[in-house]
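Student: Not my notes, these are from TrEMBL:
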{"type": "DOMAIN", "residues": "41-292", "note": "domain 'G-protein coupled receptors family 1 profile'"}
{"type": "TRANSMEM", "residues": "25-49", "note": "transmembrane segment"}
{"type": "TRANSMEM", "residues": "61-87", "note": "transmembrane segment"}
{"type": "TRANSMEM", "residues": "99-120", "note": "transmembrane segment"}
{"type": "TRANSMEM", "residues": "140-163", "note": "transmembrane segment"}
{"type": "TRANSMEM", "residues": "211-229", "note": "transmembrane segment"}
{"type": "TRANSMEM", "residues": "241-265", "note": "transmembrane segment"}
{"type": "TRANSMEM", "residues": "271-292", "note": "transmembrane segment"}
Amino acid sequence: SSNRTGSSPLTFILTSIPGLLMSSYWMALPLCCLYLLMLLGNCTFLWMIKTDHSLHTPMYYFLSMLALADLGLSLSTLPTMLAIFWFESTSLRFEACIVQMYFIHSFSAIESGVLVAMAFDRFVAICYPLRYTSVLTSSLIMKAGGVIFMRGICVVLPVAVLIKKMPFCRSRVLSHSFCLHQDMLRLVCRDVKVNSLYGLTAVILTKGLDSLTILLSYTMIIRTILSIVSQETQAKAFSTCISHLCAVLIFYIPLIGLSIIHGFGKHLPRLTHTLLADAYLLVPPVLNLLVYSWKTKQIRRQILILLCRKGP
(Lines of atoms letter the chains of each structure in order from A and count residues from 1; the text may use other names and numbers.)
(Lines give C-alpha, C1' and ligand atoms only; values in the text may rest on other atoms or scores of the structure.)
Protein backbone atom coordinates (compact mmCIF):
# COMPACT_ATOMS: atom_id res chain seq x y z
CA SER A 1 0.00 0.00 0.00
CA SER A 2 1.32 3.45 -0.86
CA ASN A 3 0.40 7.07 -0.32
CA ARG A 4 -2.26 6.86 -3.00
CA THR A 5 -3.87 3.77 -4.46
CA GLY A 6 -4.16 4.07 -8.23
CA SER A 7 -5.81 7.32 -9.18
CA SER A 8 -7.99 7.58 -6.07
CA PRO A 9 -6.98 10.45 -3.78
CA LEU A 10 -5.82 9.71 -0.25
CA THR A 11 -8.44 10.57 2.36
CA PHE A 12 -8.55 10.51 6.13
CA ILE A 13 -11.52 9.61 8.30
CA LEU A 14 -12.22 12.07 11.10
CA THR A 15 -14.00 10.96 14.25
CA SER A 16 -16.52 12.61 16.51
CA ILE A 17 -16.69 12.22 20.29
CA PRO A 18 -16.46 8.48 21.14
CA GLY A 19 -19.80 7.02 22.17
CA LEU A 20 -21.72 9.88 20.52
CA LEU A 21 -23.74 9.55 17.34
CA MET A 22 -22.44 11.82 14.59
CA SER A 23 -25.95 13.03 13.85
CA SER A 24 -26.54 14.18 17.44
CA TYR A 25 -28.04 17.61 16.85
CA TRP A 26 -28.03 18.28 20.58
CA MET A 27 -24.22 18.37 20.21
CA ALA A 28 -24.19 20.22 16.89
CA LEU A 29 -26.35 23.07 18.18
CA PRO A 30 -24.12 23.94 21.18
CA LEU A 31 -21.08 23.75 18.89
CA CYS A 32 -22.68 26.23 16.50
CA CYS A 33 -23.48 28.54 19.42
CA LEU A 34 -19.91 28.21 20.68
CA TYR A 35 -18.40 29.09 17.30
CA LEU A 36 -20.88 31.95 16.87
CA LEU A 37 -19.90 33.34 20.27
CA MET A 38 -16.20 33.08 19.38
CA LEU A 39 -16.60 34.74 15.99
CA LEU A 40 -18.99 37.53 16.98
CA GLY A 41 -17.26 38.15 20.30
CA ASN A 42 -13.74 38.43 18.91
CA CYS A 43 -14.87 40.48 15.89
CA THR A 44 -16.74 42.87 18.20
CA PHE A 45 -13.67 43.01 20.42
CA LEU A 46 -11.46 43.99 17.45
CA TRP A 47 -14.02 46.55 16.25
CA MET A 48 -14.14 48.20 19.70
CA ILE A 49 -10.35 48.50 19.86
CA LYS A 50 -10.23 49.96 16.36
CA THR A 51 -12.98 52.56 16.85
CA ASP A 52 -12.30 53.68 20.44
CA HIS A 53 -9.14 55.83 20.52
CA SER A 54 -8.89 55.46 24.31
CA LEU A 55 -8.09 51.78 23.69
CA HIS A 56 -5.15 52.58 21.39
CA THR A 57 -2.59 51.51 23.99
CA PRO A 58 0.04 48.73 23.95
CA MET A 59 -2.04 46.38 26.09
CA TYR A 60 -5.05 46.60 23.76
CA TYR A 61 -2.89 46.22 20.67
CA PHE A 62 -1.63 42.94 22.12
CA LEU A 63 -5.21 41.98 23.01
CA SER A 64 -6.22 42.54 19.39
CA MET A 65 -3.39 40.19 18.31
CA LEU A 66 -4.69 37.60 20.78
CA ALA A 67 -8.20 37.98 19.35
CA LEU A 68 -6.84 37.47 15.81
CA ALA A 69 -5.01 34.31 16.88
CA ASP A 70 -8.19 33.03 18.57
CA LEU A 71 -10.18 33.75 15.42
CA GLY A 72 -7.61 31.86 13.37
CA LEU A 73 -7.80 28.82 15.66
CA SER A 74 -11.61 28.89 15.59
CA LEU A 75 -11.84 29.16 11.81
CA SER A 76 -9.25 26.38 11.36
CA THR A 77 -11.38 23.80 13.16
CA LEU A 78 -14.83 25.14 12.18
CA PRO A 79 -15.30 23.40 8.77
CA THR A 80 -14.61 19.82 9.87
CA MET A 81 -16.27 20.07 13.29
CA LEU A 82 -19.56 21.30 11.85
CA ALA A 83 -19.33 18.96 8.83
CA ILE A 84 -19.16 15.96 11.17
CA PHE A 85 -21.96 16.93 13.55
CA TRP A 86 -24.34 18.57 11.05
CA PHE A 87 -23.78 16.60 7.84
CA GLU A 88 -22.13 13.37 9.07
CA SER A 89 -19.26 14.04 6.67
CA THR A 90 -16.15 12.39 8.08
CA SER A 91 -13.83 12.00 5.08
CA LEU A 92 -11.20 14.67 4.40
CA ARG A 93 -8.75 14.82 1.51
CA PHE A 94 -5.06 14.46 2.37
CA GLU A 95 -4.19 17.94 1.09
CA ALA A 96 -7.05 19.56 3.02
CA CYS A 97 -5.96 17.73 6.16
CA ILE A 98 -2.41 19.09 5.82
CA VAL A 99 -3.72 22.64 5.30
CA GLN A 100 -5.92 22.39 8.39
CA MET A 101 -3.07 20.93 10.44
CA TYR A 102 -0.75 23.73 9.30
CA PHE A 103 -3.14 26.52 10.26
CA ILE A 104 -4.03 24.95 13.63
CA HIS A 105 -0.39 24.64 14.68
CA SER A 106 0.58 28.02 13.19
CA PHE A 107 -2.14 29.95 15.02
CA SER A 108 -1.34 28.01 18.19
CA ALA A 109 2.31 29.14 17.93
CA ILE A 110 1.16 32.70 17.19
CA GLU A 111 -1.08 32.73 20.27
CA SER A 112 1.81 31.49 22.40
CA GLY A 113 3.99 34.32 21.07
CA VAL A 114 1.29 36.92 21.78
CA LEU A 115 1.09 35.70 25.39
CA VAL A 116 4.86 36.32 25.68
CA ALA A 117 4.43 39.86 24.31
CA MET A 118 1.65 40.48 26.83
CA ALA A 119 3.89 39.21 29.64
CA PHE A 120 6.56 41.69 28.51
CA ASP A 121 3.90 44.43 28.54
CA ARG A 122 3.03 43.59 32.18
CA PHE A 123 6.74 43.38 33.08
CA VAL A 124 7.47 46.88 31.78
CA ALA A 125 4.26 48.34 33.24
CA ILE A 126 5.05 47.06 36.76
CA CYS A 127 8.85 47.00 36.92
CA TYR A 128 9.53 50.18 34.86
CA PRO A 129 6.27 52.19 34.91
CA LEU A 130 7.95 55.53 34.12
CA ARG A 131 9.50 54.09 30.94
CA TYR A 132 6.34 52.28 29.76
CA THR A 133 5.38 54.65 26.95
CA SER A 134 8.97 55.18 25.79
CA VAL A 135 9.72 51.42 25.64
CA LEU A 136 6.45 50.11 24.20
CA THR A 137 6.16 52.40 21.20
CA SER A 138 3.82 51.77 18.27
CA SER A 139 6.81 50.93 16.10
CA LEU A 140 8.06 48.29 18.53
CA ILE A 141 4.59 46.75 18.86
CA MET A 142 4.20 46.48 15.08
CA LYS A 143 7.63 44.87 14.75
CA ALA A 144 6.88 42.46 17.61
CA GLY A 145 3.56 41.53 16.00
CA GLY A 146 5.27 40.92 12.66
CA VAL A 147 7.93 38.72 14.26
CA ILE A 148 5.31 36.71 16.18
CA PHE A 149 3.20 36.05 13.08
CA MET A 150 6.20 35.24 10.88
CA ARG A 151 7.61 32.87 13.48
CA GLY A 152 4.31 30.97 13.67
CA ILE A 153 4.10 30.75 9.88
CA CYS A 154 7.73 29.73 9.23
CA VAL A 155 8.36 27.31 12.10
CA VAL A 156 5.35 25.12 11.27
CA LEU A 157 5.89 25.12 7.47
CA PRO A 158 8.55 22.34 7.47
CA VAL A 159 6.18 20.17 9.53
CA ALA A 160 3.64 20.28 6.71
CA VAL A 161 6.28 19.79 4.00
CA LEU A 162 7.81 16.75 5.74
CA ILE A 163 4.53 14.95 6.40
CA LYS A 164 3.29 15.60 2.84
CA LYS A 165 6.04 13.29 1.55
CA MET A 166 5.16 10.44 3.91
CA PRO A 167 3.28 7.28 2.81
CA PHE A 168 0.18 6.32 4.80
CA CYS A 169 -0.52 2.61 4.65
CA ARG A 170 -2.17 1.85 7.99
CA SER A 171 -5.64 2.69 9.16
CA ARG A 172 -6.51 6.20 8.02
CA VAL A 173 -8.86 6.90 10.91
CA LEU A 174 -7.80 9.96 12.93
CA SER A 175 -8.57 10.38 16.63
CA HIS A 176 -10.15 13.83 16.43
CA SER A 177 -12.62 15.95 14.47
CA PHE A 178 -9.69 17.85 12.95
CA CYS A 179 -6.12 17.14 11.82
CA LEU A 180 -3.21 17.36 14.25
CA HIS A 181 0.42 16.58 13.46
CA GLN A 182 0.87 13.93 16.18
CA ASP A 183 -2.34 12.22 15.14
CA MET A 184 -1.38 12.06 11.46
CA LEU A 185 2.15 10.94 12.24
CA ARG A 186 1.02 7.73 13.96
CA LEU A 187 -0.55 6.56 10.65
CA VAL A 188 2.69 6.82 8.65
CA CYS A 189 4.23 3.49 7.61
CA ARG A 190 7.80 4.77 7.26
CA ASP A 191 10.43 5.83 9.78
CA VAL A 192 9.25 9.14 11.25
CA LYS A 193 12.32 10.06 13.32
CA VAL A 194 13.01 13.20 11.26
CA ASN A 195 9.39 14.34 11.47
CA SER A 196 9.23 13.64 15.21
CA LEU A 197 12.56 15.37 15.85
CA TYR A 198 11.60 18.48 13.92
CA GLY A 199 8.14 18.52 15.50
CA LEU A 200 9.74 18.42 18.95
CA THR A 201 12.22 21.13 17.92
CA ALA A 202 9.38 23.34 16.68
CA VAL A 203 7.52 22.91 19.99
CA ILE A 204 10.66 23.75 21.99
CA LEU A 205 11.42 26.83 19.85
CA THR A 206 7.89 28.16 20.25
CA LYS A 207 5.88 27.00 23.25
CA GLY A 208 8.89 25.75 25.22
CA LEU A 209 10.85 29.02 25.03
CA ASP A 210 7.65 31.04 25.39
CA SER A 211 6.62 29.33 28.62
CA LEU A 212 10.10 29.84 30.11
CA THR A 213 10.06 33.52 29.09
CA ILE A 214 6.64 34.04 30.68
CA LEU A 215 7.84 32.29 33.86
CA LEU A 216 10.94 34.51 33.99
CA SER A 217 8.84 37.65 33.43
CA TYR A 218 6.50 36.80 36.29
CA THR A 219 9.39 35.92 38.58
CA MET A 220 10.68 39.48 38.16
CA ILE A 221 7.16 40.92 38.36
CA ILE A 222 6.46 39.14 41.67
CA ARG A 223 9.81 40.24 43.06
CA THR A 224 8.99 43.86 42.17
CA ILE A 225 5.48 43.63 43.65
CA LEU A 226 6.79 42.16 46.92
CA SER A 227 9.26 45.04 47.24
CA ILE A 228 6.37 47.54 47.34
CA VAL A 229 5.63 48.66 50.91
CA SER A 230 1.92 49.43 50.54
CA GLN A 231 -0.27 46.30 50.49
CA GLU A 232 -2.97 48.23 48.63
CA THR A 233 -0.49 49.10 45.87
CA GLN A 234 0.69 45.50 45.80
CA ALA A 235 -2.87 44.23 45.29
CA LYS A 236 -3.53 46.85 42.59
CA ALA A 237 -0.33 45.93 40.72
CA PHE A 238 -1.06 42.21 40.90
CA SER A 239 -4.68 42.70 39.77
CA THR A 240 -3.41 44.08 36.44
CA CYS A 241 -1.81 40.67 35.77
CA ILE A 242 -4.78 38.44 36.63
CA SER A 243 -6.35 38.49 33.15
CA HIS A 244 -3.06 37.63 31.48
CA LEU A 245 -2.31 34.87 33.99
CA CYS A 246 -5.76 33.38 33.31
CA ALA A 247 -5.08 33.47 29.54
CA VAL A 248 -1.71 31.73 30.06
CA LEU A 249 -3.25 28.97 32.20
CA ILE A 250 -6.21 28.54 29.81
CA PHE A 251 -3.78 28.06 26.90
CA TYR A 252 -0.96 26.03 28.46
CA ILE A 253 -2.80 23.60 30.77
CA PRO A 254 -4.74 21.82 27.96
CA LEU A 255 -1.60 22.00 25.73
CA ILE A 256 0.61 20.33 28.34
CA GLY A 257 -2.09 17.76 29.08
CA LEU A 258 -2.49 16.92 25.38
CA SER A 259 1.29 16.58 24.90
CA ILE A 260 1.56 14.22 27.89
CA ILE A 261 -1.41 12.17 26.64
CA HIS A 262 0.07 11.81 23.13
CA GLY A 263 3.47 10.85 24.55
CA PHE A 264 2.65 8.62 27.50
CA GLY A 265 -1.12 8.04 27.58
CA LYS A 266 -1.65 5.77 24.59
CA HIS A 267 -3.36 3.27 26.91
CA LEU A 268 -5.98 5.82 28.01
CA PRO A 269 -9.51 5.79 26.49
CA ARG A 270 -10.02 7.64 23.21
CA LEU A 271 -12.50 9.92 24.95
CA THR A 272 -9.67 11.38 27.06
CA HIS A 273 -7.63 12.23 23.95
CA THR A 274 -10.65 13.76 22.22
CA LEU A 275 -11.79 15.92 25.11
CA LEU A 276 -8.29 17.28 25.77
CA ALA A 277 -7.79 18.15 22.09
CA ASP A 278 -11.18 19.87 21.97
CA ALA A 279 -10.40 21.78 25.17
CA TYR A 280 -7.02 22.87 23.76
CA LEU A 281 -8.56 24.33 20.60
CA LEU A 282 -12.09 25.40 21.59
CA VAL A 283 -11.84 26.62 25.18
CA PRO A 284 -9.16 29.40 25.00
CA PRO A 285 -10.93 31.53 22.32
CA VAL A 286 -14.12 31.61 24.43
CA LEU A 287 -12.59 31.99 27.88
CA ASN A 288 -10.06 34.65 26.79
CA LEU A 289 -12.96 36.76 25.57
CA LEU A 290 -14.92 36.31 28.80
CA VAL A 291 -11.91 36.91 31.07
CA TYR A 292 -10.82 40.15 29.41
CA SER A 293 -14.40 41.41 29.09
CA TRP A 294 -14.96 40.80 32.80
CA LYS A 295 -11.63 42.13 34.11
CA THR A 296 -11.14 45.19 31.89
CA LYS A 297 -13.21 48.27 32.75
CA GLN A 298 -12.80 49.95 29.36
CA ILE A 299 -14.11 46.88 27.53
CA ARG A 300 -17.05 46.52 29.93
CA ARG A 301 -17.84 50.18 29.35
CA GLN A 302 -17.80 49.74 25.57
CA ILE A 303 -20.06 46.66 25.81
CA LEU A 304 -22.55 48.61 27.93
CA ILE A 305 -22.51 51.46 25.40
CA LEU A 306 -23.21 49.00 22.56
CA LEU A 307 -26.05 47.38 24.50
CA CYS A 308 -27.59 50.77 25.30
CA ARG A 309 -27.48 51.77 21.63
CA LYS A 310 -29.34 48.60 20.68
CA GLY A 311 -31.90 49.08 23.39
CA PRO A 312 -35.31 50.75 22.94
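Glycine is no exception: its Cβ is also placed from the backbone N, Cα and C atoms.
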Student: With a Cβ cut-off under 8 Å, give me the same-chain residues at least six positions beyond the ends of the transmembrane segment (241-265) that come close to it.
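Tutor: Hits for the transmembrane segment (241-265): 66, 108, 111-112, 115, 118-119, 122, 126, 182, 203, 207, 211, 214, 218, 221, 272-273, 276-277, 279-280, 283-284, 287-288, 291-292, 295-296.
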Student: If you average pLDDT over the domain 'G-protein coupled receptors family 1 profile' (41-292), what do you get?
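Tutor: Reported value for the domain 'G-protein coupled receptors family 1 profile' (41-292) is a mean pLDDT of 87.
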